[in-house]
Number of protein chains: 2
Amino acid sequence: MALTPARTMPGVLELLPLDQIAFQRMLDVIRRNYERFGFLPVETPVIEYSDVLLTKSGGETERQVYFVQSTGALGKADEGTPELALRFDLTVPLARYVAEHERDLSFPFRRYQMQKVYRGERAQRGRFREFYQCDIDVIGKDTLSVRYDAEIPAVIYSVFRELAIGPFTIQLNNRKLMRGYFESLGIVDGEQQMLVLREVDKLDKRGADYVRDTLTGEAFGLSAEVAAKILAFVQVRSTTLQDALDKLDALGAGPEAMEQGRSELKEVLGLIHAFGVPQTHYALNLSIARGLDYYTGTVYETTLNDHPQIGSICSGGRYENLAGQYTKSHLPGVGISIGLTRLYWQLRDAGLIDTAKSTVDVLVTQMDEAQLPAYLALAGELRGAGIATEVVLEGGKLGRQFKYADRAGIRFVAVLGEDELARGVVTVKDLRREDQFEVARGELVKTLRVELEQAAAMG
Amino acid sequence: MALTPARTMPGVLELLPLDQIAFQRMLDVIRRNYERFGFLPVETPVIEYSDVLLTKSGGETERQVYFVQSTGALGKADEGTPELALRFDLTVPLARYVAEHERDLSFPFRRYQMQKVYRGERAQRGRFREFYQCDIDVIGKDTLSVRYDAEIPAVIYSVFRELAIGPFTIQLNNRKLMRGYFESLGIVDGEQQMLVLREVDKLDKRGADYVRDTLTGEAFGLSAEVAAKILAFVQVRSTTLQDALDKLDALGAGPEAMEQGRSELKEVLGLIHAFGVPQTHYALNLSIARGLDYYTGTVYETTLNDHPQIGSICSGGRYENLAGQYTKSHLPGVGISIGLTRLYWQLRDAGLIDTAKSTVDVLVTQMDEAQLPAYLALAGELRGAGIATEVVLEGGKLGRQFKYADRAGIRFVAVLGEDELARGVVTVKDLRREDQFEVARGELVKTLRVELEQAAAMG
């Protein structure tokens with residue numbers, strides 16, 4: 001029989017077990033922190049009805065959608081858009097979920113969702129067709145206090161502190177402030193404001209000259225003076241909480257939208273402080289706009305101080321109405337998303353991911369086939385104490401068994417030979433410390449537990 | 001704008017948050033136990049190349065496959081089978097994974113995988129188009145000791161004991177024993193043996209009369225005597241380990257395959273004992289065959305003693321060669337699968353799932369807006385101690401805040417009013433015990449931790 005080549009499509013990140021463990025640890029940290037802040041888990045189906053998924057989205061998204069057809073539906077001509085498709089984000093499914101289950105949910109509804117989404121991207125390094133999004137959102141019924149906008153950075157801080165991938169800054173802005181400021185410069189048309197907003201969002205990537213040229217160019221036709229004012233505005237960054245408040249005041253009076261944005265930002269900044277986020281970890285950045293039309297107030301981006309090239313690792317903001325396409329209820333909300341697949345890939349690329357540790361703590365070796373029951377009893381005790389343990393069931397040379405443990409990233413190897421059995425002890429080899437010790441059989445669980453707890457505490 | 005009805009397709013299980021929490025707890029228990037036995041995590045992409053997925057499968061599977069097309073690939077006529085499809089199980093992706101990454105894996109390769117699979121089933125109560133499979137497999141290179149067949153029941157025992165869904169029995173059989181026995185009755189053709197095997201597998205569902213009639217009927221044409229012998233064989237069940245060994249001996253001598261099967265089963269049964277699985281939790285059941293052609297030796301099914309109608313909640317077995325369609329390497333293995341979506345659904349249906357508990361431990365109420373920083377500081381302390389805490393940020397009547405906690409399944413409500421603040425205490429309402437107590441501010445974390453740990457220990 002001819003062999004089929006074993007392969008996956010481009011744009012998916014399939015990991016070897018030790019890498020998967022590192023990835024899973026990140027997922028666990030994110031989930032633990034989301035839960036700690038009182039967010040509830042939701043999972044939605046990967047497959048949704050196409051008409052449900054595509055109510056809102058523009059052409060770009062539609063071109064990237066994966067459609068799904070069961071065998072029976074294939075080949076039926078003239079069908080137009082297939083009935084089913086894979087979700088391309090978690091926000092549209094959230095809107096559908098909240099609209100569908102509205103009567104069964106308590107509001108403000110706080111949910112987290114950590115699942116994969118699918119986009120038919122062009123195959124290209126760093127572009128993923130399947131990737132994890134780890135989202136939180138708080139959804140209000142009719143209204144939602146701006147205070148929730150201050151809670152989100154507290155969650156971001158908590159997540160990335162525990163992920164321990166280096167110093168980071170949560171950057172904040174407010175779309176009302178931006179649009180109000182543009183209005184004060186004579187840009188009163190909402191559409192035009194959005195276009196300017198999208199241009200200035202490119203500031204950190206393309207630089208001031210590019211943005212200035214665009215704004216004064218044919219497409220926008222703004223005066224040099226107005227462009228200069230916009231550039232001065234979007235270049236505002238703060239260093240401390242007081243500095244942020246001062247810089248907001250220094251912008252001068254403006255139209256209603258601007259005053260509203262400023263007051264929201266001030267309240268949010270003050271509360272972020274009360275939430276215990278240190279001033280070193282958040283800042284005003286008036287160029288942050290986020291591309292999507294969808295955001296209406298506070299917007300967030302988070303960057304790694306030492307790796308600016310990675311870009312934002314966690315973004316989001318406040319929106320006016322989550323599910324207007326499905327329900328007449330008014331559902332304002334605020335949320336963020338961590339694109340974990342891309343983040344993991346970039347961190348690994350930058351050498352920031354450690355992959356040497358296994359989930360397996362102990363390998364019990366096999367010296368003598370006849371003693372298998374003793375090995376199994378030992379493993380049973382370790383497992384009973386929550387210590388992940390593998391037993392060599394097939395035997396072979398001890399050297400090979402050690403090599404297997406080493407290659408698999410298992411830290412402890414337990415040896416229970418004739419001599420150890422006679423003396424009621426176990427020899428333990430610590431492959432991480434390249435050390436070896438003997439411990440009384442009855443003390444083994446306790447000893448290893450202490451070692452493993454210490455290692456866990458040290459990260 | 002006309003509203004799009006918010007809905008999901010039939011055959012998916014979308015849960016409300018408290019149900020999702022109960023489901024997630026089951027996933028966590030399974031994962032924890034898989035890891036405790038030294039299995040390593042693997043995740044594979046949901047989308048695979050169709051030719052990779054469909055090398056082996058027969059017509060039935062093919063009719064149930066979901067094919068995937070990106071927008072660009074749609075509408076191109078005469079394409080035949082689309083290039084991409086959704087996985088319908090985790091075994092084919094495992095085979096592809098092991099073949100693709102063979103040189104980077106250590107053997108025996110022990111992996112667990114807990115992901116969703118997709119089948120275009122007819123819409124019907126209890127049939128799922130999207131469902132979780134929670135699999136473990138041990139894959140050997142060239143050979144794999146039958147001892148690994150004994151480890152699998154130890155994992156099953158560990159998982160279902162901790163899931164605490166009632167008494168269960170792991171039922172064992174061996175295909176070599178069955179085929180060898182049929183051979184001893186003159187059924188020597190391998191194909192014919194497989195057909196008989198599939199019939200007797202229906203014994204527990206359809207009853208002895210049905211199976212006898214089929215075997216002596218036109219399709220098989222076996223004599224009444226042979227059919228009676230087969231029925232006597234497949235009705236063998238054991239009560240204890242010794243009883244199992246005795247009943248295997250009582251089958252009498254047989255051809256080589258039968259002797260090999262018997263010797264494997266005896267070794268497996270003895271080792272299951274050494275693995276610490278109590279005799280109350282496993283038994284010989286010589287009617288178990290599993291439908292798939294794929295199994296060659298030990299086969300497992302697990303049933304809930306008090307809910308036989310649920311059928312097998314965890315099944316699997318030994319196979320000769322995992323990935324013959326992708327690689328020339330010989331890769332024997334043994335594994336099991338838990339279909340968690342269906343199991344959860346059935347358990348809930350039978351009233352065996354408790355959904356009243358939230359992941360949120362504490363709700364900090366808001367009495368006075370001006371004291372928000374004090375509430376946030378309190379929540380920060382609780383979260384720092386690993387206690388999941390939600391703060392009411394929007395205020396409103398205290399009664400409504402309590403009602404929210406109650407409805408959301410949150411156990412503790414912390415009240416920090418003027419009086420409490422002045423006296424340096426917190427009033428805690430325990431909604432589960434319908435009790436209320438006052439505790440010094442500095443003692444709150446410790447007190448709640450103790451309560452929560454006790455509750456966790458009691459399940």
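Using the three backbone atoms N, Cα and C, a Cβ is placed for every residue, glycine included.
TrEMBL labels come from automatic prediction, so no person has curated them.
Positions annotated as domain 'Aminoacyl-transfer RNA synthetases class-II family profile' by TrEMBL: B:24-373. What TrEMBL lists as L-histidine binding site is B:D89, B:L90, B:T91, B:R119, B:Q133, B:D137, B:R290, B:Y294, B:Y295.
Feature map: TrEMBL annotations on the structure.
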{"residue": "B:D89", "record": "L-histidine binding site", "Cβ contacts under 8 Å, 6 or more apart": "B:V117, B:Q133, B:S337"}
{"residue": "B:T91", "record": "L-histidine binding site", "Cβ contacts under 8 Å, 6 or more apart": "B:D135, B:D137, B:L322, B:G335, B:S337"}
{"residue": "B:R290", "record": "L-histidine binding site", "Cβ contacts under 8 Å, 6 or more apart": "B:D201, B:V299, B:E301, B:S315, B:G316, B:G317"}
{"residue": "B:Y295", "record": "L-histidine binding site", "Cβ contacts under 8 Å, 6 or more apart": "B:R175, B:G317, B:R318, B:Y319"}
Next on the checklist: Check the DSSP secondary structure of B:T91 (L-histidine binding site), expressed as helix, strand or coil.
Outcome noted: helix
Checklist entry - In this predicted model, what is the average pLDDT of the domain 'Aminoacyl-transfer RNA synthetases class-II family profile' (B:24-373)? => result 93
Checklist outcome for this item: The largest Cα to Cα distance in Å among the residues B:D89, B:L90, B:T91, B:R119, B:Q133, B:D137, B:R290, B:Y294, B:Y295, listed in the record as binding L-histidine, is 22
Checklist entry - Can you count the other CB atoms that lie within 10 A of the CB of B:Q133 (L-histidine binding site)? => result 20
